[in-house]
Amino acid sequence: MATQADLMELDMAMEPDRKAAVSHWQQQSYLDSGIHSGATTTAPSLSGKGNPEEEDVDTSQVLYEWEQGFSQSFTQEQVADIDGQYAMTRAQRVRAAMFPETLDEGMQIPSTQFDAAHPTNVQRLAEPSQMLKHAVVNLINYQDDAELATRAIPELTKLLNDEDQVVVNKAAVMVHQLSKKEASRHAIMRSPQMVSAIVRTMQNTNDVETARCTAGTLHNLSHHREGLLAIFKSGGIPALVKMLGSPVDSVLFYAITTLHNLLLHQEGAKMAVRLAGGLQKMVALLNKTNVKFLAITTDCLQILAYGNQESKLIILASGGPQALVNIMRTYTYEKLLWTTSRVLKVLSVCSSNKPAIVEAGGMQALGLHLTDPSQRLVQNCLWTLRNLSDAATKQEGMEGLLGTLVQLLGSDDINVVTCAAGILSNLTCNNYKNKMMVCQVGGIEALVRTVLRAGDREDITEPAICALRHLTSRHQEAEMAQNAVRLHYGLPVVVKLLHPPSHWPLIKATVGLIRNLALCPANHAPLREQGAIPRLVQLLVRAHQDTQRRTSMGGTQQQFVEGVRMEEIVEGCTGALHILARDVHNRIVIRGLNTIPLFVQLLYSPIENIQRVAAGVLCELAQDKEAAEAIEAEGATAPLTELLHSRNEGVATYAAAVLFRMSEDKPQDYKKRLSVELTSSLFRTEPMAWNETADLGLDIGAQGEALGYRQDDPSYRSFHSGGYGQDALGMDPMMEHEMGGHHPGADYPVDGLPDLGHAQDLMDGLPPGDSNQLAWFDTDL
């Protein structure tokens, strides 16, 4: 059959008028039917359109060749001869396309292929038959491989057990080659004797090549569940663990990847690896430098440590925390960083590993990756930092981490914001440097904005409020922070959090924050205008009722509601009202809510810190003559006189101040006796001071801050939210109080609460006592 070039040569030889007609047609934009040019009137074999073997040829290529012309011409007889050759070899072309192996060697067959990049129709039609042929061949070869392996396995098993190490080496090489083919690989794994021989040879050989081949064979088998089971049953795990001590990198790679496959897919493999000492060997391998090898090793450690405390302790004893932190600090390979962060996350919930990771610089190392493009890496680092952060409150060099965390508060990812808020809450607890740093990088504004955005998502609002509570207390920037919350429109949302649907942990944190905000006089009026005082009183009454009810039923232990003791709420609300009462207008509101009888009752509390805040708020209220008279009318003189002998200096001082203010309109003789009593009580441990002071001579009204909380007061501790840090320089103490000591607890009245007027009508809005606990828990997940 003629080629396309031949056909064009023939057309050139046609009569001039026809050639001119065709050229004229090519230069026109209309479509030619062929009537005038004769373009479609030639025989099918000459037109190039009737042959099913030929492809449609690109017109541009034809035109280009046409314009170039041809150097060779063909006669009509030559064309007929060429056409005959193509017709005679059609069967051979089909056979060559479908069954090329049937052709005689050296046979030349004319090709109809014009463009080598485009197969002819026959070639394309032959593809399925070729695929079928290859499938049949593969099936035959597979069967041959399986039969060969089945026949060879018994003999190879004997050779692997031979005493001659040269023979063993040759057998190991042959078995390794067989394991690379699927059919023979299945035959090997179905022979327990062969697998046992491979394991035994690998474990006992001193030859590097033999160890490499046997380990490679087990690696190939481990890609199948049947192979994993065969390795496990043959005692392969102890042998593979032993191979982790090999100095040969290829053996190490085969061993760790095989163990990795076993840990992932074979039941019982984890315990077997632990019993074989695999954890210690794997930790020792963390000093290698191949990042892909390290990624597999760290993933093995994560699988072994997850949910297993003993494994975590073994990793700790083997120096794992330091090695893992070094990896996080050194490498940039994302998969390695991700697998390593997963191990650290698992270890970070272990109370023993946690300080070790922190001491190794884990906080700073993890902080390096918080801006990584990999979201899975960032999330793992944040989870780990969150778990570690309560043990890192004394760490230095956290400036970079704190700045990044403040930036992450603006993230659109809820998980990122939740973790960042929790970490900031813990890191700002009891660490004045961290507090100042967060304030200086805009932390107050970011946290207020976070609370505003969070709405009723307490997993975000609780840590954010706790962080604000820490930042508004006991450091050089505290007053600025107290003002900043107001300036960034935070007071309305803070007071709103005292109301439903807030649960007790969040309410407790919010009460502490309000207490700190009240330390700034500029916040007194805004807090009052937002309705903070009535709500604090409502919460106080509700919590006190709870403790009263339990006491009347004979209960001795403090009850937790959603992880919060009601005694903590009593102390927190009373402490906040104490600071708010420094403002004369606030005192009027507090007194108007008929709270004095309740404060007097709290003087009988068996908890020393509740006694202190109750005496403190009475001290502020007693500045007003009307309130002082009401306090005395409620019978406060007896408990206050008793509290003069308290071992807590703050309690005794406040009690003395209240008694002194109550005596201002009493006769001079009464004042004299009271002064002597107060002096003897307050200076009972300082005889020289007693001798030097015949009279108190205290101007209670001018004392001001002297009656506030003192930094050197040993009983001064924190009001903190469970799990979000405990700022000992923040709110009044609310945990682990001394239940004993000298106090009038036996006389504590339990016969109901005083009427609080309109405040009582809103009590139904308080959170229920049996809501699910929202405290923070560390988990492996």
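Glycine too: its Cβ is placed from the backbone N, Cα and C atoms.
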Record feature phosphoserine (Swiss-Prot), assigned residue among Ser33, Ser473, Ser663, Ser721: Ser33
Feature region 'Interaction with SCRIB' in Swiss-Prot, mapped to one of the ranges 402-411, 492-501, 772-781: 772-781
The annotated region 'Interaction with BCL9' range in Swiss-Prot, which must be one of 156-178, 225-247, 317-339, 570-592: 156-178
Candidate ranges 2-23, 288-309, 618-639 [criterion: Swiss-Prot lists as region 'Interaction with VCL']: 2-23
Tally of residues which DSSP labels helix, strand or coil - the repeat 'ARM 8' (442-484): 33 helix, 0 strand, 10 coil
Same-chain residue ranges lying at least 6 outside the repeat 'ARM 4' (277-318) that approach it to Cβ under 8 Å: 237, 241, 244-245, 249, 252-253, 256-257, 259-260, 263-264, 270, 324, 326-327, 331, 333, 335-336, 339-340, 342-343, 346-347, 350, 352-353, 356, 780
